[in-house]
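Undergrad: Next up is a structure, given as structure tokens.
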Amino acid sequence: MAISGADDDEAGTPLLTESVDGSVDYGSKPAVRSSSGGWRSARFIIGVEVAERFAYYGISSNLIMYLTGPLGQSTAAAAANVNAWSGMASLLPLLGAFVADSFLGRFRTILAASALYVLGLGLLTLSAMIPLDCKVSSLHSSCSPRFQVITFFSALYLVAFAQGGHKPCVQAFGADQFDENDPEECKAKSSFFNWWYFGMCFGTLITLWVLNYIQDNLSWALGFGIPCIAMVVALVIFLLGTRTYRFSIRREGRSPFARIGNVYVAAVKNWSVSGAAVIDAEERLGLVSDKSSQQFSFLNKALVAKNGSCSIDELEEAKSVLRLAPIWLTCLVYAVVFAQSPTFFTKQGATMERSTTSGYKISPASLQSFISLSIVIFIPIYDRILIPIARSFTHKPGGITMLQRIGTGIFLSFLAMVIAALVEMKRLKTAVDYGLIDSPDATVPMSVWWLVPQYVLYGISDVFAMVGLQEFFYDQVPSELRSVGLALYLSIFGIGSFLSSFLISVIEKATSQSGQVSWFANNLNQAHLDYFYWLLACLSFIGLASYLYFAKSYVSKRLNTL
């Protein structure tokens, strides 16, 4: 079948004037610009993302309430479990991207991942339909490791595995619909990342307004079943756009992983060669001496033919991947901060006054909708007003550089943690003033709207940092590794979630010794989340300073973008 092989088939350079270099259509013919790709294809793919994010956040946004409720886990254990699952869901895209870029291709990987997604959500719904025999009290909570508990966690990690194949491939496949060599499509591609995130957050917003209410007030089984239906719809939407898609042509010869690996291996084998031999190899191959070629100059030893050599293009591919490491590392603290909104922020909201004038109580997890709402409002302003203004001054396709955009987002996340710490200090003082320290189930007479500013700042920081990271890791890797590039971006949040989980576990153990009350005690009126937020604010400031240092010396793959 032509469609299944289109993403992997080899083809020559199209000869048609309107054809897109490096791309074929669903029938493996040269992709014609006027009838393929662009926004006509991207709209289907953004539609898929809306449905997929609706499904994913239908689980993750309220997961801590399910774990501390029906499953009866402690607050610290539930937060650690949420972070562990989120971390795995963000790391597995590395595996999914490897499979896509090396074997299946992005199109077929998306189809396979969607099928697994539906299966995982179906099992999750089934597990919620089986009643749990849990014993819950204010002092102790436990659940027997029965079949339904095992089914729940198996289904949960199956969803994470499916998301690992779905997430990086759909986004990379969407960006592939725009030709970066065409000036107009290059600008459109920059906008695509903005509107992609808009669609993602729109799906999340619907989840937080609708699904969280259903889960908290009607039925967890129904709350998990609706996302399953959403993923079926997403698969149908994706297939509807098949005839409009552009499929990237793979280069002949070795896979990109083999080419890059060969550079590192050759550099190690040639570690003892003299500097003169390296200079001779550089001159023989015509390597231009500039800032790019001299960065990571130890890899230039791979050019020497003593123990197997590589080409200049392969050397540059290897360097482009290595250049990402400092940016990746310095963004980890941002990811740790990002992990707090679906866990401790939600538990804070559950202790505060949530009633509205009509008597309706806001679901604690629904507060996360302010993140998505601020993104949905701010992205059109950013894309249609701020970027054109900035573009008129900087003459860059994105208005400001990707690295500047990421740095702005990290700074805003630092401010969000400062505000979160101040609000929590006020909540604890209110609990003391009203004598509620020993009343964990009592509602603290402080409006839940006090939490809104930190959620809004989270959202605006995401518009800068998250979208900037997506575009950066897509743009700065070799074209055949763009699924892997986006998986690397996602892995920042995977490792960040694991670091958050580890940090919580260490602090929980350290602060609960000798009968002391833990920072994360089940009774949040006795806990000290404010200390934790101040710690994260300090770490965020250090991370920002480190990021600025490495961003300043970063050598771009394309000098007009960074």
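Using N, Cα and C of the backbone, Cβ positions are placed for all residues, glycine too.
Any TrEMBL annotation is an automated prediction that lacks curation.
According to TrEMBL:
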- 84-104: transmembrane segment (TRANSMEM)
- 111-132: transmembrane segment (TRANSMEM)
- 144-162: transmembrane segment (TRANSMEM)
- 195-214: transmembrane segment (TRANSMEM)
- 220-241: transmembrane segment (TRANSMEM)
- 327-345: transmembrane segment (TRANSMEM)
- 365-382: transmembrane segment (TRANSMEM)
- 403-423: transmembrane segment (TRANSMEM)
- 455-474: transmembrane segment (TRANSMEM)
- 486-507: transmembrane segment (TRANSMEM)
- 531-550: transmembrane segment (TRANSMEM)
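Give me the lay of the land around each of these features.
TA: Taking Cβ pairs closer than 8 Å, the transmembrane segment (111-132) reaches residues 52, 55, 59, 70-72, 96, 104, 143, 146-149, 151-152, 154-156, 158-159, 161-166, 169, 219-221, 223-225, 227-228, 231-232, 234-235, 238 in its own chain, all 6 or more past its ends.
Residues 41, 43-45, 47-48, 51-52, 54-56, 58-59, 62, 66, 70, 110-111, 114-115, 117-118, 121-122, 124-125, 128-129, 170, 207, 211-212, 214 of the same chain lie 6 or more positions beyond the ends of the transmembrane segment (220-241) yet place their CB under 8 Å from a CB of it.
Listed by sequence, the residues of this chain that lie at least six past the ends of the transmembrane segment (365-382) yet keep a Cβ under 8 A from its Cβ atoms are 61-62, 65, 194-195, 197-198, 201-202, 204-205, 208-209, 212-213, 216, 341-342, 345-346, 349, 448, 451-452, 455-456, 458-460, 462-463.
Counting only same-chain residues 6+ beyond the ends of the transmembrane segment (455-474), those with a CB under 8 A from a CB of the stretch are 171-172, 175, 190, 193-194, 196-197, 201, 324, 327, 331, 334, 338, 341, 345, 367-368, 370-375, 378-379, 382, 398, 402-403, 405-406, 408-413, 415-416, 419, 482, 485-486, 488-489, 492.
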